[in-house]
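What follows is a set of notes on a single structure, which appears directly below.
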There are 2 protein chains.
Amino acid sequence: MPQFLDYSQPDFEAAFTALLSAKREESTDVDDTVADIIAQVRENGDAAVIALTQKFDRIAPTPETLRITTAEVDAAVAQVSQEDRAALEMAATRIRDYHARQLPEDAEWTDEAGATLGWRWTAVSAAGLYVPGGLASYPSSVLMNAIPAKVAGVERLAMVVPTPDGVLNPLVLLAARIAGVDEIYRIGGAQAVAALAYGTATIPPVDKITGPGNAFVAAAKRRVFGKVGIDMIAGPSEILVIADADNDPDWIALDLLSQAEHDESAQSILVTTDAAFGQAVAVAVEKRLETLERRKIAGASWRDNGAIITVPDVAVAAALSNRIAPEHLELCVADVDALSAQITHAGAIFLGQWTPEAIGDYIGGPNHVLPTARSARFSSGLSVLDFMKRTTLARMSPQALRAIGPSAERLARSESLEAHGLSVTARLAKLNE
Amino acid sequence: MPQFLDYSQPDFEAAFTALLSAKREESTDVDDTVADIIAQVRENGDAAVIALTQKFDRIAPTPETLRITTAEVDAAVAQVSQEDRAALEMAATRIRDYHARQLPEDAEWTDEAGATLGWRWTAVSAAGLYVPGGLASYPSSVLMNAIPAKVAGVERLAMVVPTPDGVLNPLVLLAARIAGVDEIYRIGGAQAVAALAYGTATIPPVDKITGPGNAFVAAAKRRVFGKVGIDMIAGPSEILVIADADNDPDWIALDLLSQAEHDESAQSILVTTDAAFGQAVAVAVEKRLETLERRKIAGASWRDNGAIITVPDVAVAAALSNRIAPEHLELCVADVDALSAQITHAGAIFLGQWTPEAIGDYIGGPNHVLPTARSARFSSGLSVLDFMKRTTLARMSPQALRAIGPSAERLARSESLEAHGLSVTARLAKLNE
C-alpha cells in the first residue's frame, strides 16, 4: 500500500517533509569508468568507439558501418504497420505545431540616449540526440528531442542509438526519419556521448547533446558539459494528481499507474479533497495491478513511493503541489482554471478529466521531456529555446557615448579597471576635439 | 608579443586550430575540499558556516550577525560619492530597461482537434547571488545578476559576499540596494554556496544560485547543481575585434587591453583586413602597456594569449569569428550591419567604433555575464529567462480526446506501456457508451 497522509493530522508536516525529501534513486557511482571511456575515445577516436561497441553491444562495426545507412533505415521502416506510422505522423505534426510557436523574436530599438540595442536568436549549428537501446528505446522520445531541434533551425542533427546484437528498432528509426534526423550512428553508452562531444574521424563533433540515458550516459553528459551544452539530467519520473470526489476512481488509478509503470523509482501522488475518494482510488489501483503487464514495476513504485494525501480544500492542494513542484500535474477538480492559476511550480499541467497525462507523453503537442525531482522550481521542459542562443547587440552613436560614456568611465575607475575607462576616454576626447 | 597569424599563409589552419584549442586556464582540483565543506554545512548548518568564515575571513559572526543589517548598509553607502552613486543609478536604470524587454509572453490557443494548449512563465521563488570578496568584488556584477532576477519577479533575492577582516565594500552594498537585493549575508566560498543551496537555521535555502566566484565557488556550484539551478560556470574572459584600416589603432589597442587587464588567462584577438593596421595596433598596445596600472596582468595576457590575424576580407573574418564563438565581439568596419548579419555565434556584439566593449560591461543595458570559452556555440548570456521557468498546459475536450486519443493508445502499446494506453482507453469507452 502507498502512504496515506491527512493534512488535518498533527504529524502531517513531518510526514510530508519526509515524503518531499525521500531519495528514490540509488545513485550508482560510475564516474571513474566513464572518465576512462571518454579518455579512450578522445585518444583513439573511431577505434575506441568500435572496441567499446563490440564489448557492450556484441557487434563489430567498421568506421564505414558505424553510420546506419539510408537503405537500412528504408528496410527497417518498411516493417512498420500503416497504423503505427499514422500515429507517429500525427504525433510529429502536433509536436511540430506546438513547438513552432516557441520560436523567439529578435528585437532592436534605439533609446533616448541614442543607443541602438537589441538581441538576435540563432540556432545551435549541430546537435546530438542520445537514444537508449533495448526496453527504454522510445520512438516518442525521438520525436520530443528531434523536433524542437529542427524547428529551432539546427542544421545537423546526429542521433546515436545502440543496437545490441545488431537489432534495429523500426519505430525509432521511423521517428528519426519523420523528425528530420540527419545522421544515425549505431553506438551507445558513454562512448557515444564522448564521440558526439569530441568527434572522431567518422563522427563530426556537435555543439549540444540531449536525450535520456542510463547512469553511464548521464555521467558522460555531466563530464562533457562545458565542451558542449547538455539538457537536464533526468531523474525518475513523477506525477501529482489533484482530484475531487467527482471523478472516476479507475481513471485516476490508471493515471497514477501510467507513471508508476515507468520505473520502480517513479512516484505517483494523489491529493484529494475527499478521503473516501482516496480510498476508492487505492482500491482501483490494486484491482488494476492484478492484471497490468508491468505490475511488478508499477506495484513496487506505488508501494514504495506512492502517496494519497487528503486535504481540506483545493487551496491547500495547490500549496502542497507548489512545494512538490511536480514534473506532471493533473488537475481533476470542478474549477480547473481557478486551481491552475494557483500553481507556481510544475513542469506540465494537464487540465480536466479528459486530459490523462499519457496524452502529453505522446500526442498532445507539448514536450514530454520535463524537469524531475523538484527541479520545476527552477527549470523548464525541453523547448526550441534549448537549441538556440541569444546574441546581445549594442551600438552607440557619438551622442550616446557622450551621454552615457562618463558613467562607464567612473564605474571602471571604481573597479580599478583603467583600460576599460580609457577606451571610453579616448573616444570622448575625439568627440570633444 | 602576441601571435601574428596570416590567413594567406600555408600554416594558417594549423596555427588557428592551435589557438582555438589552447587551454588558457590551469584547473585547480579543489573538489574534495569543496565536498567536505558542503558536507559540514549540511550537517552543522550555521555552526559550520561560522567556523569556516572565521577560518577563511578572520571574522567571528554569530547566527544573529551573519546577515548584514540595514543600518550597516546605510552607514556603508553613505560613504559613496554622489558621482559614483549617480553612475550606478544610471547603469541600473539602463540595465533594467533592457531586461524588462526580455519578459516572455504566455500563450494559449485551441487547435482544430479541440485541444487547448499553451504555456505559462513563472518566476523562480528565491534566488541566491554570489559576490566575490576582495579585488574581484564588482558592483557592476551585482547589478547584472540582481536586476534580471528582480525583473523576472523573484520574490526573495539573497546575496552572499565575504568580508575578509570585516571590511565592507560600500559600492557593492549600494549596487545591491539599488538592484533590490532582499538579504545580504557576510559569507563566501563553498560554505556560502552550500548555505544557499541547503539552507541553515538562519539562511533559508534558495532555488537558483548565480554569480561569479573562484575555483572553490565554481566547484561548489557544480556540486549543488540539481538540488538548485545554477548559471553557467564562467571561464576566463575573451574579446575578438574585427577592424579595418579605418580605425584609430590606439582605440582598438585599449579595447584589446580592457579584456587583457581582467586576468592573465583572458584573451584578446584582433582580426584585421590590413596587416599594417595590425602592426600599428601592436605598437599602440605596447605603448599603453608602458603606463597602464594593471600592465603586469594585461601584458601577460596579451603576450601569452593575444593574437593579431590578417585576413583578405570581412567574410573570412566572420567565418573565423564564428569558429571562435567569442564572448565579446567588436565590429569596427565600414559596413557593420552587413558583417553583423554574418555572425552566427557570439555572446555579445558591439557595433561600430563608438561602442567600446567597456560600455557593455557597465552601462549599455545588455548583460555582461556572457558565455566564455567558445560556449556561445550553445549558450547565451544571463537574462530574465534564467530566473523564470515555463509550465506547459494541455486541456483536452471530449471531442479532442476522441480525435487524438487512439493515436496515443497505439503509441503506448508500441512502447509496451499498457497503463498509459488504458488511461486513454477507459475515457474513450465512456465517450462511446
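Just so it is clear, glycine is given a Cβ too, placed from its N, Cα and C backbone atoms.
According to TrEMBL, the residue from B:H99, B:H328 that belongs to the substrate site alongside B:S237, B:Q259, B:H262, B:D361, B:E415, B:H420 is B:H328. All protein chains included, B:Q191 (NAD(+) binding site) registers 28 other Cβ atoms within 10 Å of its own Cβ. Among the recorded positions B:Q191, B:E327, B:H328, B:D361, the ones with a Cβ under 8 Å from a Cβ of chain A are B:D361.
Recorded residues B:E327 (active site, proton acceptor) and B:S237 (substrate binding site) have their alpha carbons 7 Å apart, per Cα-Cα distance.
Packing around B:D361 (substrate binding site) is summarised by its Cβ count: 27 other Cβ atoms lie within 10 angstroms of its Cβ, all protein chains included. Under DSSP, B:H328 (active site, proton acceptor) is assigned to a strand (E or B) in the three-state scheme.
Excluding B:Y130, B:Q191, B:N214 themselves, the residues of that chain whose CB lies within 8 A of the CB mean position for the NAD(+) site are, in sequence, B:P132, B:V160, B:P162, B:G188, B:G189, B:A190, B:A192, B:V193, B:G213, B:F216, B:V217, B:A220. Packing around B:H262 (substrate binding site) is summarised by its Cβ count: 23 other Cβ atoms lie within 10 angstroms of its Cβ, all protein chains included.
According to DSSP, B:Q191 (NAD(+) binding site) is assigned to a helical segment. Packing around B:Y130 (NAD(+) binding site) is summarised by its Cβ count: 27 other Cβ atoms lie within 10 angstroms of its Cβ, all protein chains included. For the recorded positions B:H328, B:H420, the ranking by surrounding Cβ atoms (within 10 Å, all protein chains) places B:H420 first.
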